[in-house]
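Features as listed in TrEMBL:
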type: BINDING; residues: C:His110, C:Asp133, C:His135, C:Asp137, C:Asp212, C:Asp214; note: Mn(2+) binding site
Number of protein chains: 6
Amino acid sequence: MNKPLHLSTFIGCEKPYMEAEVVLFGVPFDGTTTFRPGTRFAMQAIRTDSFGLETYSPYLDKDLEDVSIYDGGDLDLPFGNTEKVLGQILAYSQEVLEDGKKFLMVGGEHLVSLPTIQAAYQKYPNLHVIHIDAHTDLREAYLGEKLSHASVIRRCHDFLGDGRIFQFGIRSGMKEEFEWAKEHTYLERFTLDTLKEKVQELQDVPVYVTIDLDVLDPGTFPGTGTPEPGGITYRELLEAIKHLQSLNQIVAADVVELSPQYDPSGASTAMACKTVREMLLTLVE
Amino acid sequence: MNKPLHLSTFIGCEKPYMEAEVVLFGVPFDGTTTFRPGTRFAMQAIRTDSFGLETYSPYLDKDLEDVSIYDGGDLDLPFGNTEKVLGQILAYSQEVLEDGKKFLMVGGEHLVSLPTIQAAYQKYPNLHVIHIDAHTDLREAYLGEKLSHASVIRRCHDFLGDGRIFQFGIRSGMKEEFEWAKEHTYLERFTLDTLKEKVQELQDVPVYVTIDLDVLDPGTFPGTGTPEPGGITYRELLEAIKHLQSLNQIVAADVVELSPQYDPSGASTAMACKTVREMLLTLVE
Amino acid sequence: MNKPLHLSTFIGCEKPYMEAEVVLFGVPFDGTTTFRPGTRFAMQAIRTDSFGLETYSPYLDKDLEDVSIYDGGDLDLPFGNTEKVLGQILAYSQEVLEDGKKFLMVGGEHLVSLPTIQAAYQKYPNLHVIHIDAHTDLREAYLGEKLSHASVIRRCHDFLGDGRIFQFGIRSGMKEEFEWAKEHTYLERFTLDTLKEKVQELQDVPVYVTIDLDVLDPGTFPGTGTPEPGGITYRELLEAIKHLQSLNQIVAADVVELSPQYDPSGASTAMACKTVREMLLTLVE
Amino acid sequence: MNKPLHLSTFIGCEKPYMEAEVVLFGVPFDGTTTFRPGTRFAMQAIRTDSFGLETYSPYLDKDLEDVSIYDGGDLDLPFGNTEKVLGQILAYSQEVLEDGKKFLMVGGEHLVSLPTIQAAYQKYPNLHVIHIDAHTDLREAYLGEKLSHASVIRRCHDFLGDGRIFQFGIRSGMKEEFEWAKEHTYLERFTLDTLKEKVQELQDVPVYVTIDLDVLDPGTFPGTGTPEPGGITYRELLEAIKHLQSLNQIVAADVVELSPQYDPSGASTAMACKTVREMLLTLVE
Amino acid sequence: MNKPLHLSTFIGCEKPYMEAEVVLFGVPFDGTTTFRPGTRFAMQAIRTDSFGLETYSPYLDKDLEDVSIYDGGDLDLPFGNTEKVLGQILAYSQEVLEDGKKFLMVGGEHLVSLPTIQAAYQKYPNLHVIHIDAHTDLREAYLGEKLSHASVIRRCHDFLGDGRIFQFGIRSGMKEEFEWAKEHTYLERFTLDTLKEKVQELQDVPVYVTIDLDVLDPGTFPGTGTPEPGGITYRELLEAIKHLQSLNQIVAADVVELSPQYDPSGASTAMACKTVREMLLTLVE
Amino acid sequence: MNKPLHLSTFIGCEKPYMEAEVVLFGVPFDGTTTFRPGTRFAMQAIRTDSFGLETYSPYLDKDLEDVSIYDGGDLDLPFGNTEKVLGQILAYSQEVLEDGKKFLMVGGEHLVSLPTIQAAYQKYPNLHVIHIDAHTDLREAYLGEKLSHASVIRRCHDFLGDGRIFQFGIRSGMKEEFEWAKEHTYLERFTLDTLKEKVQELQDVPVYVTIDLDVLDPGTFPGTGTPEPGGITYRELLEAIKHLQSLNQIVAADVVELSPQYDPSGASTAMACKTVREMLLTLVE
């Protein structure tokens, strides 16, 4: 009887940890989400539906079967205690980086990018962040809490400082946030048109890429908690990922804010899956 | 115990009637809808989900918090008696205009634009109408009834006459309707490309804008009763609204035909919410 | 223009606070829910759908129009900080009781009953609790957290002590919980058959009633986060509520764990609405 | 090429009109429905899903294949003009009865039973009505309209008078309606327990049976516009239909208020289908 | 880095094959389903949602943690080639039985019980079958195919012969099937009332139990392809499983016909999960 | 009583077979679909929802009312026996072509195009195929089966040979398939940009057009079994159909892979309906 237990990894990510160049892991946390929760279900849905994809990318002409990726599963997190959650994510990310690997983290709400960016910053003090999103995420606090999905990039600025954050696709925020960004970050409104150019500037520094999938138009990608109309198409996102190939020091990345239950058709989950595949193939050498 | 009852207005529309420059109100009527009813639920869904939006528009650089808008709630309408329903809408619209205010009406099926356009015409006899829609709405009658969502623009022509109606995005109708339009209205098929130019022509006459959200492609905006493929993107609609800023005498407007239950993801409702926000900010000086 | 803003109260609960005998309020919190979140949406759905009910109960022969109930809206809660949330609920409940009123709280996850029962206990030290639920809720801790929906009745026992808690309909828990209950609470497995008899014993002491709607069979009531098959019918719950009429000192109550989005048919929400109506009419003299 | 067009009848109802003993027809009208429309889709869904059933009833030991039933399709109705709609239904029902046939009408909202009961009354002046429903439907008027789904049985009383209406399963209404019923109808609250006995009394008079499917508990049958918890099980409805076999002069019947879109599982539609099959087999000799 | 790959077994079924007393495995096949496919998704959904259950059964007072069960995953099956599929299932079942273990198979459509019952019959020639279902499943052929979900019990009779098949809860079939059953099987219509008595008769012979979950009323359990109203409640099914404890030679069992996507609430899947837990605990000594 | 049975044809396709120039028919088969079944429901949904369309196409300025199309209904197919199914489709297609008519077949999964292309090839040995799809469909076999939706174009190549197949919009496949295509077919990746030019080359040879609707981006068209992000917009598909008007010998066509249940909004079905209308009007002279 040699049938093994069914291992539910992302398609083509079945290498052991020791051999892996890139670690994929999920962070099923949506504990500060105020409007519509559900990103906790993202990674589970992504793993299951990844089997509707091929392992080969005709965009990058690379194949997951040919590279070394370990699917580390999901972190087990204590809901209701945000600080403890962030601590666990930080510890895991640090460990992966210390072992000389890169990672792709899949959220969860955007707040979970805070500890993963922190871990990358600790290892690469010259870290720059490419932030693709519909929202500024630059609030000083939200409902009195400084640790919020609406504040995550502002919290990253706390340690990264000016000139390190590059924001694209932004189409929603308070007026104050747009004003603040003028002083402290690079922010392109509505589109990704300048991404290619900025990638050129960043090609030799360590870069972390955080993709909030709600940058996509909700007409295309309804499976997210805070749908913001007027976003980009999936082909535009694919194009952006192709530009990222020029980065020589991309050290880690994340894909966040899929809420699969808001799109029972599975189309949003399929977009998340394809984004994960393309980003994994971007992270490997 | 000072917690007030929860007032369910559209976000940022909490000014009292007396101080308001613009009145927002809902008309939850879908009584002549033959195919798939449900626009009666639109305004309720729009109010609830408006809290997923910001009050600030980075497109128009205006903020709902800075202007004076009253949310007048929904009209209570007797289903099954279409003439009585239209009479009530007419009376309410007249009252708002007589009080020197503008209004944004949210439907409901498109037939409810008939009395609001009538009210605007009574006050502004030189009224012109910008009509953004997938359908011609120019039938003389539908299933024997002259008061039908498929006839609403034809009924408006009954009193407005030739040269006053400008139709954009139209991609569905009987051959006769397209023929009739050649004589009596301006009709652009499929796109909004000539809207900018027509707005220039209309910039100094009183204009009413009626937006049937099914002008959007149903792939983007499935939450409507009569989905007609081949429509515009949400970014194209945003662009059109920006062009409307050149109108110096926009006197009232409406946004109709959201049927939120056909899009449980909430994406269609989010588009309706953002359209309402942008149109409110267009109506204020 | 005298049309008021639409006040979204539960049907028939429009009395001012000062005159009210009973206060209805919502606690939209599901921050420790590990399996499937969504009870935060319960009260909003209940208010909207309450208009599908009549105000008159033919079961109790009482009418909401004839009694004095204030709908206090929902508490605004900081997600991600459980202790702060519980503190706010406690403060609100204390205030209502100090003003000489009773309350019906609508959750939210079951953890939100902890502060409301605490508030009742502070005012009525001889408090007894009737707990109707599918789950024991008697864990010492869950995922390392003592403040969890799975521990709420155990936490109540911390201050109430033995002999004060009466559990009915329980059909799920760890073996240890069932063992523990034998020493510390009264626990009826699977059904409510002994409720009538226990109510007789409790008729002259202060009683708090907490109804976790997942006591209903999920075939009947699928709109909940942790569906546990084998539960009671809605008619059995109605019967139980009729038995509660014999309680002479019922001081407060709650109805928790509706997650309306898991039952888009609205049937589960309708059951929650009717339970709220019947419990409100039970609380008034 | 002999493949015929697909005739979408209810399963086993393919006899020509001339030979038919019973006529089945649909009335897709929900024009006075205030809360949640959709009964217009009932008959279409019932025809499609009837093919999940067998034609044989083990309850009645009869088979649709062995009897003569014509499926007359659906009436084409002008939405928005209630009086015209009722006139068309009346005319069709009269014609069927004049041709010496019985009918089973499938709604639609309950108001459509008014003209079918009128037609039966015109032919059988001694008509008695068995009314199975959750709601009294005895309002004098609703939102100012006397022709409303909430008034349909009251309108029937206008011509039938006292002693002719027998109501079962009623669990919702205004207090006034319950009071009024004491004088004018036979009304059993909550259950169908006395149906068997009343059928004995009525076995030799002409009887019309109107079944509002919302008599079923919404936990069992969520596919209806006004779900009212606390209803009967489907087995109880089957039992009631078995009792109806004792009626010697059942002249026509209807099954109303399925709204299939509220129950996408198809379970509610399946119950409606089975009820239609059992009622058809009840109507044939 | 010691975090293991996430093993997606049914809750508490993590023993290695060698030590296991019972093997759980899934057969995701619905290739002959004519009406509504989807049972292929059952086992995946059951594994995921099993984590909403406890491992302890208060009904049987046994705990999955205390027994030895191996979750063998799902068979990989070639859709479109029914004979090959059945051959693979047979081979796997034979292997498990030859290794001295029992199994619980989870379908898939009911046809997949044919090879598992065959395997059990090969090992236990005196095999008796307890068949709990809404449908007779006794057709000689369906649409010309002898290998069909509607013929599975008839195919079992081909080798088992008369007096070995005991059917309960049956409420749908052709008249011919009911007639045929009178000669060849024991068949109880509509209910499970005689199950307890029959179990007594069978307590010392080898028994295979096949549970088609559509025996449950679709109002309770809508997640199935051919909903047949008038079925049993979940409590009645639990009661039946308790009666099965008297069987001294229960050698294998299956649970089939969950189609989880027809019940997005998860309630049907929860019932399937609980049935699997109870049947696993029934199979172990 | 002259009301006919309701004939459920596609809108405007009510001509008798003898007079028809084009035959429309459905093939409700998804028996080799491994990922997510449901295309069997496509044609039924398309017929019902076609009544939300007009018969007039403003794109082609033609009207279904003015041409001769027969809706032949759906083939009755034995699930579970793929070879028999393909044989029946072949026979039907041959018969239509022999009668001097063209056809538009609506799937079903893509495998059903194999026999229809075979039939066209038998009549037109110089047949060329235009294949619009997201997937290469060029596998030699899938899960060991040569007759699979993933192999359909490869199977067509078996008899058509090199130089006859023109593929557009392809964005998913194994690396080997893309390599193989370089030798044997014309394959445009990602877009339809070269379609216009290729149509010019093919304007005087017999052409069969097979449209797999999953060429559309799943954000636009989620109603399909294998959503592949990065596809074309519906306006791009409309544009492509306009280019097809230049073909002088288009002999048959198909539209496959709608799975309506994955898009309950109806938007995907509406796109399929409009595609069917445009293709019917393309096939007529």
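Backbone N, Cα and C define each Cβ position, glycine as well.
In this structure, C:Asp137 (Mn(2+) binding site) belongs to neither helix nor strand by DSSP; it is coil. With a cut-off of 8 Å between CB atoms and residues at least 6 apart in sequence, the same chain places C:His110, C:His131, C:Ile132, C:Asp133, C:Ala134, C:His135, C:Asp137, C:Val256, C:Glu257 near C:Asp212 (Mn(2+) binding site), listed in sequence order. Fewest Cβ neighbours within 10 Å among the binding-site residues C:His110, C:His135: this applies to C:His135.
C:Asp137 (Mn(2+) binding site) has a Cβ environment of 27 other Cβ atoms inside 10 Å. Every protein chain considered, the tally of other Cβ atoms within 10 Å of the Cβ of C:Asp214 (Mn(2+) binding site) stands at 27. Taking the mean position of the Cβ atoms of C:His110, C:Asp133, C:His135, C:Asp137, C:Asp212, C:Asp214 as the Mn(2+) site, the remaining same-chain residues with a Cβ inside 8 Å of that point are C:His131, C:Ala134, C:His149, C:Val152, C:Val215, C:Val256, C:Glu257. The Cβ neighbour count for C:Asp133 (Mn(2+) binding site), using a 10 Å radius and every protein chain shown, is 26.
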